[in-house]
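In what follows, a structure is listed as structure tokens, so that the remarks can point back to it.
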Amino acid sequence: MDRGEIEEGGEEDFPRAGGGRYRPVVAHDRAVIEMSSVEPGTSSSSSPTLKNIKVVTPGELGAGGAREGPDGVNGHHKDSKLELFGFDSLVNILGLKSMTGEQVAAPSSPRDGEDISITQGHPKPALKMGTMMGVFVPCLQNILGIIYYIRFTWIVGMAGIGQSLVLVLLCGLCTFLTTISLSAIATNGAMKGGGPYYLIGRALGPEVGISIGLCFFLGNAVAGALYVLGAVETFLKAFPAAGIFRETITKVNGTAVAEPIQSPNSHDLQIYGIVVTILLCFIVFGGVKMINRVAPAFLIPVLLSIFCIFIGIFLAKTDDPDTGITGLRFKSFRDNWGSAYQMTNNAGIPDPTGGTYWSFNDLVGLFFPAVTGIMAGSNRSASLKDTQRSIPVGTLAATLTTTSLYVISVLFFGAVATRDKLLTDRLLTATVAWPWPVIVHVGIILSTLGAALQSLTGAPRLLAAIANDDILPILNYFKVADTSEPHIATLFTALICIGCVVIGNLDLITPTVTMFYLLCYSGVNLSCFLLDILDAPSWRPRWKYHHWSLSFVGAALCIVIMFLISWSFTVVAIALASLIYKYVGLKGKAGDWGDGFKSAYFQLALRSLRSLGANQVHPKNWYPIPLVFCRPWGQLPENVPCHPKLADFANCMKKKGRGMSIFVDILDGDYYECAEEAKEACNKLATYIEYKRCEGVAEIVVAPNMTEGFRGIIQTMGLGNLKPNIVVMRYPEIWRRENLTEIPSTFVGIINDCITANKAVVIIKGLDEWPNEYQRQYGTIDLYWIVRDGGLMLLLSQLLLTKESFESCKIQLFCIAEEDSDAEALKADVKKFLYDLRMQAEVIVVTMKSWDIRSEGNSKEDSLEAFDAAQRRISDYLGEIKSQGSTPRLANGKAMVVNEQQVEKFLYTMLKLNSTILSYSRMAAVVLVSLPPPPLNHPAYFYMEYMDLLVENVPRMLIVRGYHRDVVTLFT
């Protein structure tokens with residue numbers, strides 16, 4: 001390889017963090033940066049210099065886009081001179097090594113880790129649009145629609161100039177604040193297709209994003225029908241002869257003499273609407289290039305018609321061009337300043353006997369579609385050259401332009417005609433237009449057709465973007481490649497549009513569209529509000545003119561407007577979004593998009609952790625946080641990383657599922673050699689925990705041996721007061737037949753480490769027989785309360801009763817007392833203590849004397865046999881040690897001093913306790929007994945013999961040791 005050139009990588013793609021792969025740089029990219037590398041063998045003192053950075057245009061690349069090195073067309077990654085840094089070189093990270101022409105498949109879902117694509121692959125790029133044609137024109141076409149031409153003058157007449165200004169400013173403020181939020185989110189990184197859905201989904205999560213995105217898709221599709229019906233209605237009113245089904249309906253209007261008003265037949269609206277929708281679909285099928293050619297043809301006549309309307313207003317005179325026109329007169333302005341809400345018929349004509357009464361809230365719902373359409377540009381985000389520049393500039397320009405137009409129009413419409421004229425002439429804009437009304441008719445038709453075209457263009461792309469994220473399998477039919485047109489989604493959108501056209505009622509469709517748009521706008525504002533409040537390190541939008549308070553006001557304003565318009569439609573829209581949200585949660589695939597809720601959870605967890613402090617938690621707020629030790633002490637089925645009953649028992653330690661368990665295991669070996677194996681084992685354990693429906697986390701620790709690994713876990717696991725407080729493990733019943741030395745020393749070491757670290761211990765004997773949630777137990781839960789443990793044993797018994805498997809059991813509390821103690825007084829004290837703790841249990845006091853009496857029978861014989869066997873094994877063990885000649889030592893290195901009399905005392909104590917348990921609790925569902933600590937200077941083998949004698953013939957037992965603090969309290 002020559003100096004000044006970077007050696008190309010191997011054939012494989014370089015992965016990036018998260019599992020995704022970057023796409024290759026292709027020939028249409030503007031430039032490829034080449035960086036030279038340092039020659040091998042150059043000393044650091046010679047100040048090696050980098051060769052000049054060289055910009056290579058696509059034409060300078062060889063065939064296939066590759067440059068030759070000394071090893072052939074492509075160099076080998078193993079010869080890279082930058083590998084001393086331990087990471088991929090900058091060129092490889094950016095994907096420049098793929099100039100060789102190898103194809104790299106683009107991931108289809110952001111869950112694969114490709115939220116940001118640096119390059120666009122080898123296929124010829126689709127036509128990209130700038131700010132004017134990509135954002136401003138679509139937004140302007142969507143906003144300037146049917147409402148302005150045929151409803152706006154009527155709104156001014158009904159609400160008056162004053163309230164009309166309030167109405168315009170209220171709706172305009174809503175869209176302006178939404179545009180501010182949209183600009184901030186859109187400039188916070190590269191943006192793929194999907195527009196507001198993409199922004200909301202990445203901010204609030206896939207469930208919220210899809211639910212609002214699908215509602216917004218329906219809103220766009222229904223809005224297309226609204227615009228088509230408006231165009232057809234205007235056409236049929238301008239050219240009545242074109243109607244197939246002619247029908248004249250006489251309605252009483254507000255003029256002095258009642259006049260017949262001709263209304264288009266509903267069948268004409270349906271037929272013409274279907275035809276127009278199909279024609280628009282053919283244009284959309286032609287792709288972005290076709291739409292760009294047609295859009296100006298729709299927009300220019302619209303702008304010309306608005307210009308003609310204002311010229312006509314300035315030239316108007318009294319009763320010229322029609323009765324009721326006053327010209328620009330202050331008297332008309334003053335007369336029309338106040339509102340005139342009244343009853344109207346179905347056509348909106350004032351009629352005292354009409355069935356509709358209009359209010360300001362109703363007018364908000366009628367007018368709001370006239371300010372929607374601000375998302376038309378962001379819907380085409382995949383077709384824009386520079387989304388971070390085009391979306392803010394184009395959307396804000398369209399919003400401010402149309403809002404200013406509406407404000408000016410309110411003032412001029414209110415001053416140019418009488419109120420009766422404003423309320424009765426639905427096409428007053430055409431009446432005053434100069435020089436001919438037909439110009440406005442053409443403008444109305446083209447404006448509505450242009451808005452319908454933008455809806456039919458944006459809605460399919462939105463649906464395709466949702467489908468491409470591969471969250472809902474039911475939407476897989478609408479998936480498209482990056483450079484393809486969403487033909488199936490377009491056809492589906494057209495069917496929805498045609499269905500709404502068949503309904504044929506413009507005023508029925510309008511509130512539905514309004515709710516879906518407002519729902520989307522509130523989602524955008526909430527997304528920006530959440531991201532602004534959290535202020536994560538990744539939140540760095542280029543658009544600086546935003547604040548969380550503006551987004552909050554925008555979201556609140558959207559909700560307020562929704563309820564102002566219609567609480568029933570609001571409930572329906574929210575219910576539909578909630579149903580979609582629930583469906584996505586049940587049927588959707590899991591996806592992590594780094595949404596704002598995850599960031600909120602993280603910050604909330606940090607804040608909660610800090611608020612807990614480092615002090616001890618009050619007993620009233622104490623929750624068990626079990627550290628479940630997954631080392632099986634036996635064989636497990638293949639691909640089962642944890643004993644199934646350990647997860648069942650961990651669930652038994654939680655009240656109504658509240659709490660967290662930490663499942664840990666230790667992988668013996670060297671960390672550098674076993675790191676990948678540990679990650680794989682951790683993922684497998686986490687998957688198994690989720691499968692067992694146990695709320696918890698999985699951790700795998702690599703250590704030279706189990707003792708060292710557990711010692712590290714018990715010291716470091718957890719944060720602050722969220723450290724595990726109970727260690728749960730299985731009793732090693734197999735120790736005698738498996739390993740006589742390693743298992744006892746490890747087991748005793750774990751118990752001693754827990755005592756040193758002040759952790760409670762729960763050891764489960766008979767884990768294989770532990771019941772699951774479907775195995776109902778009967779009988780008693782027997783507690784042998786020997787030492788003060790802070791109430792842990794009592795609390796565990798109460799937690800067991802909350803589970804279905806143990807809810808039919810009763811608690812018996814056995815108090816082990818000295819022979820000379822007052823049994824009745826002790827029993828009364830314990831009952832009073834349990835009463836204050838709000839616990840119900842039968843109290844039984846067992847003394848040594850009573851034990852001797854009740855131990856008569858088979859239970860005593862069985863225990864004595866186990867006692868004699870344990871004595872023999874300990875004697876054999878001591879004899880074996882003495883025969884070695886050297887001084888025996890413990891695991892900690894100290895000399896082992898065996899007091900045979902003390903050993904016999906321990907054995908005898910365990911024998912008596914075991915006999916008591918077998919006498920009183922042979923039929924118990926589970927027995928809880930205090931855990932004796934390992935005696936000092938006793939070998940681990942001896943302690944295992946003591947424990948074996950304690951658990952002998954008891955099928956299911958929990959051996960519990962508390963720690964130096966209370967977990968229950970008497971006080972409220």
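From the backbone N, Cα and C atoms, a Cβ is placed for every residue, glycine too.
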TODO: Would you mind telling me which of 357-378, 907-928 TrEMBL tags as transmembrane segment?
DONE: 357-378
Open item on the list: So, taking each listed stretch (164-187, 269-288, 357-378, 515-536) in turn and counting its Cβ pairs to the transmembrane segment (433-453) that are under 8 angstroms, which one gives the highest count?
Closed with: 269-288
Task: Spatial neighbours of the transmembrane segment (295-316) far in sequence, C-beta under 8 Å, 6+ residues away - done: 133, 137-138, 140-141, 144, 325-328, 405, 412-413, 416, 429, 432-435, 439-440, 442-444, 446-447, 449-450, 453
Open item on the list: Pairs 6 or more apart in sequence, C-beta under 8 angstroms, 3 or more of them: is that satisfied by the transmembrane segment (548-581) and the transmembrane segment (357-378)?
Closed with: yes
TODO: Look at every Cβ pair spanning the transmembrane segment (208-229) and the transmembrane segment (390-413), keep those 6 or more apart in sequence, and say whether at least 3 of them are under 8 Å.
DONE: no
TODO: Sort out the residues at least 6 away from either end of the transmembrane segment (164-187), same chain, that have Cβ-Cβ distances under 8 Å to it, and list them.
DONE: 155-156, 196, 199, 203, 360, 363-364, 367-368, 370-372, 374-375, 378, 381, 387-388, 391-392, 395-396, 399-400, 403, 406-407, 410, 414, 518, 521, 524-525, 527-529, 531-532, 541-543, 545-546, 550-551, 553-554, 557-558, 561
Open item on the list: I'd like to know the mean pLDDT over the domain 'SLC12A transporter C-terminal' (776-971).
Closed with: 78
